[in-house]
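Going by Swiss-Prot, these are the annotated features:
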- 19-28, Asn110, 137-138, Arg214, Asp252, Asn365: substrate binding site (BINDING)
- Glu174: active site (ACT_SITE)
- His250: active site (ACT_SITE)
- Cys371: active site, nucleophile (ACT_SITE)
Amino acid sequence: MNAHEVNFDGLVGPTHNYGGLSYGNVASQSNSQAVSNPKEAAKQGLAKMKALMEMGFKQGVLAPQARPDTAALRSLGFSGSDEEVIRRAAKEAMPLLAACSSASSMWTANAATVSPSADTADGRVHFTAANLNCKFHRSIEHPTTSRVLAAMFNDERHFAHHAALPAVSQFGDEGAANHTRFCKDYGDAGVEFFVFGRSAFDSRFPAPQRYPARQTLEACQAVARLHGLSEAGVVYAQQNPAVIDQGVFHNDVISVGNGEVLFHHEDAFLDTEKVLAELHDKLGRRGGRFRAICVPRDQVAVEDAVKSYLFNSQLLSKADGSMLLVVPEECRNNPRVWNYLDQLTGDDGPIREVKVFDLKQSMQNGGGPACLRLRVALQERELAAVNPGVIMSAGLYDTLVAWVDRHYRDRLSETDLADPQLLLECRTALDELTQILKLGSVYSFQLD
């Protein structure tokens, strides 16, 4: 049965700024208060989408959130008109305004966890929006995320949508950034790989000491139950707490998987041999041949992996059966990482090609190629049922670039967030975007 993996990339929102909001994310914190360029950021993301589409990969787009989020500010006690709410927040609690203005929804790997129909009990594609409860600025995303996903995948014969898990630390869920799937072919039953940082209820599991573990085992298990996954098709693994403390805040900063291949750092997991053996066994029972490519720490240190985002890459299957690794420019700028990649593609392994993209605006906030996309494996009939307005084409690319040129600023500092005009600019832009993408009314300001 013919099936495809479609990458739905997050469109960078008009309020893209460097607020330094993400404790545990080294790049985010180190670039705090820098001046951003939302127009450039959006165009860098669109250029990646267009390039992959032109290479023959299925590509979609996921709309950004409406920011500043005045409803969130009202819930924190700011009152008056929207303009008055923003002015008061800027005067009394600038960190809250910065949080409610974040464009972090661009990193759609955190939008949701997705299980394809070949894996689920009812034969539908399942989506669970991530609660992202570890960070306030991201915890306010999931209601809009759910509405946007429902507008994109709106045929309930093929798609099932679940609300985010309870917004408490015991069920901290960061979505697909801690989830990947292995399979022989995208339409075959596969093995879903959930990676957690700690257990909420079992003290036998170790935990990081410096930075928080954002994903719990219990959240992973809950999502697997919601999606109707069988035990034979699920593997749970704990991320190494030591690498979380080195800035590996999601598993997609230290490993990436696709098809039958896991590309990972030597220090990515606890009990690595046991984890790999279980993946090999379970994928083998489903007709696949699991293969792990381990990057030794003496060739690429964890620090280099974090700085370059080597593993926050896209691993894509080409038509000839080989794989392409999509990496950020920072990998080419790191001699140790680039030497490793040169060696990797020269070997007789599955990864034969590396493609480099300039994603500096996103990277400075701590998000590489993998952060920017949500993978959805779809059968032909399911792909035909997706809202066609969100599938990338040459025409849509041109339309979105023109839309960005009309509505986005090329400079945004923290003080600019206090400008009530920014709110009006963003709402005007997003109101137009929902028409371009044929989403209907998905934003709170459209529903009020």
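Glycine residues also receive a Cβ, built from the backbone N, Cα and C atoms like all the rest.
When Cβ atoms from all protein chains are considered, those within 10 Å of Arg138 (substrate binding site) total 24, not counting its own.
Using CA atoms as reference points, the recorded positions Asn110, Arg138, His250, Cys371 were checked against Glu174 (active site), and the closest is Asn110. Here Asn110 (substrate binding site) is positioned 10 angstrom away from His250 (active site), judged by their C-alpha atoms. Cys371 (active site, nucleophile) sits 14 Å from Arg138 (substrate binding site), taking the CA atoms of both as reference points. The Cβ neighbour count for Cys371 (active site, nucleophile), using a 10 Å radius over every protein chain in view, is 26. For Asn110 (substrate binding site), the same-chain residues lying six or more positions away in sequence with a CB closer than 8 A to its CB are Ser104, Ala130, Leu132, Arg138, Glu174, Gly175, Ala176, Ala177, His250, Cys371. Mapped onto three states, the DSSP output places Glu174 (active site) in coil.
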